[in-house]
Amino acid sequence: SGGTHLTCSTKMNIQVLPEHKLSSVAPLKQFNVEKKEVELILVKEQNGVQYTNSSVVASPSSGEDVDRETWGKKMDFLLSVIGFAVDLANVWRFPYLCYKNGGGAFLIPYVLFLFIAGMPLFYMELALGQYNREGAATVWKICPIFKGVGYTVIIIALYVGFYYNVIIAWSLYYLFASLTSELPWLNCDNPWNSPNCTEPQHINGTFLGNRTSYAKYKNTPAAEFYERRVLHIHESKGINDLGLPRWELTLCLILVVFILCFSLWKGVKSSGKVVYVTATMPYIVLLVLLIRGITLPGAMNGIRAYLHIDLKKLNNPQVWIDAATQIFFSLGAGFGVLIAFASYNKFDNNCYRDAILTSSINCITSFFSGFAVFSVLGYMAHQHHVNIKDVATEGAGLVFIIYPEAISTLPGSTFFAIVFFIMLLTLGIDSSMGGMEAVITGLSDDFKILKRNRKLFTFAVAFGTFLIALLCITNGGIFVLTLLDRYAAGTSILFGVLIEAIGVSWFYGVDRFSEDIERMMGFKPGIYWRLCWKFVSPAFLLLAVIASIVTSGDLRYDDYIFPRWSNMVGWSIALSSMLFVPIYAIYKLLILPGTFKERIAYGITPEHEHHLVKEGNVRQFKLRHWLSI
């Protein structure tokens, strides 16, 4: 008929769909054609936009990728996404942020940002990966000029692996150190302790005076074990005095990289099985720690402090910035991981339901972990006769000093220490697996030679991250880690997702993206999601980028202020990933054929519609494209 063309791509069966049933997914007839079988796909031209109606082929240009491997079971995918999103920050950052920023009141901006930005971006990335069945770079065949943002997020995921694996190695070191009848951070009788080491029972509010809070006091056995035994920070003068890697941490790091390598080298078939342990274990351990925690004296004071509602805090803009950055980094949009994971889904998988389910589980986990953390902090405050604010802290100080110290005073301390550090290990491993999978899938989809040699490439990525990570396990390694943590995935990842959201919502088009989702799942996203994608999420991300630049003060670790040159190095690391966006766009415009206007047209038109550019039918040059929702 007039507006209908036939295209063909290699496939195992023929599907002929009548024009009045273009959206039908059931084949009417199947024919065998002499061993070589061909699939005919009806392509209907509608409103000047050509698209394929087929539930078999992900998109008109992905016919060659119908053989892409898929997850063994739906649960493999869900646990992988949950395992990636639920990481150390859910335990060591959210509870403290909630307590510091008005307790229950903090949940107001947190939940608001979850619904207007977190979930829409999460849903967008899952749908983008699933429809196009490509990694973070090649998914930009939908708008070729934006491919640089794919490289940006892949580079950021790689940078994060450099230091994140070191934190997992610390957890492993603590796990091995816990395999004793008496935990090594219980008293001051160890070779690494300083003359100033003070046993916890001698420390109370009077002893501390106005000098410092208990959480910041550096001479407890637990604090000295972390800083003098694990980090050896006392042997370094700063970031310009690193020293050699510590051999014990090197062995732990080798083991971590070995676990990651063997979890990933067979693709989602192997990693999908590992997450059954790594994604579920933290929940079992959190429950055990919570049950033990609430039976301790002072526990209820801790929980009351955690949930105390102080609405006045909402007048402080920093509270809103904290809520925005926490929801964004907690869900993990923008690292290319969700795109990579979703690309291995079946084409008709309901990724809408997956996005709602997994992002909700992630946020509930953050809130739930606060009870396990603050019941123990309440116990600590009770033991030392100090306020909750004196023992409350976040980050490494919470999970490697305060919590281990509390555990060491309990009956059966060895058991609780072992399960606690197994929890940290599993929280870290599956998040690190997600980051590495984003790098491997993103680059191997782009360079087929890497896909053919997946095992070798996986080893190369793991070994590369190991070599850089060695800098973080030297005497001054904590300074390198702090630098990377601030700059490798701060402003740059917010910038990357902002460009990604603009590329999908404005240049590719929310209406076209919604049609893609309808082709997969049989229903269009509602107006709420479309408005969030087009206006709310990009505005949220733009404000987040500005806030992260404005609030970026000088870098410091405790009392140590980093030299000015290290801040320059940090911004250079951030720019090294962000610059892929403009550099690739310029490169693409230079290699495309035609006049400057035609090059722009080719750059912003999906690859499977390039024939329309030749006909002068460029959708993005029409006002209707930019106004459509």
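Heads up, the Cβ atoms here are built off N, Cα and C, so glycines get one too.
In TrEMBL, annotation is done automatically, which means it is predicted and not curated.
Lifted from TrEMBL, the feature list:
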type: TRANSMEM; residues: 77-95; note: transmembrane segment
type: BINDING; residues: Gly83, Ala85, Val86, Asn90, Ser330, Asn362, Leu427, Asp430, Ser431; note: Na(+) binding site
type: TRANSMEM; residues: 107-128; note: transmembrane segment
type: TRANSMEM; residues: 149-176; note: transmembrane segment
type: DISULFID; residues: Cys188-Cys197; note: disulfide bond
type: TRANSMEM; residues: 247-265; note: transmembrane segment
type: TRANSMEM; residues: 274-294; note: transmembrane segment
type: TRANSMEM; residues: 323-344; note: transmembrane segment
type: TRANSMEM; residues: 356-381; note: transmembrane segment
type: TRANSMEM; residues: 401-427; note: transmembrane segment
type: TRANSMEM; residues: 456-481; note: transmembrane segment
type: TRANSMEM; residues: 487-510; note: transmembrane segment
type: TRANSMEM; residues: 531-550; note: transmembrane segment
type: TRANSMEM; residues: 570-590; note: transmembrane segment
Integer Cα-Cα distance in angstrom, Leu427 (Na(+) binding site) to Cys188 (disulfide bond): 30
Recorded stretch, among 107-128, 149-176, 247-265, 356-381, 531-550, maximising Cβ pairs under 8 Å relative to the transmembrane segment (274-294): 356-381
Alpha-carbon distance [Cys188 (disulfide bond); Gly83 (Na(+) binding site)] in Å: 37
Feature contact check the transmembrane segment (487-510) with the transmembrane segment (401-427), CB under 8 Å, 3 or more pairs: no
Interface-richest range of 77-95, 107-128, 149-176, 323-344, 456-481 toward the transmembrane segment (570-590), CB pairs under 8 Å: 149-176
Env. residues of Na(+) site, Cβ within 8 Å of mean position of Gly83, Ala85, Val86, Asn90, Ser330, Asn362, Leu427, Asp430, Ser431 Cβ: Ile82, Phe84, Asp87, Ala89, Ala279, Pro282, Gly332, Thr365
Rounded Cα separation (Å) that holds between Cys188 (disulfide bond) and Ser431 (Na(+) binding site): 35
Whether the transmembrane segment (323-344) meets the transmembrane segment (356-381): three or more C-beta pairs under 8 angstroms: yes
In contact by Cβ distance (the transmembrane segment (356-381), the transmembrane segment (77-95); 3 or more pairs under 8 Å): yes
Stretch of maximal Cβ-Cβ contact with the transmembrane segment (487-510) [cut-off: under 8 Å; candidates 149-176, 247-265, 356-381, 456-481]: 149-176
Stretch-level contact, the transmembrane segment (247-265) and the transmembrane segment (456-481), CB cutoff 8 A, at least 3 pairs: yes
Rounded inter-Cα distance in Å - Val86 (Na(+) binding site), Cys197 (disulfide bond): 36
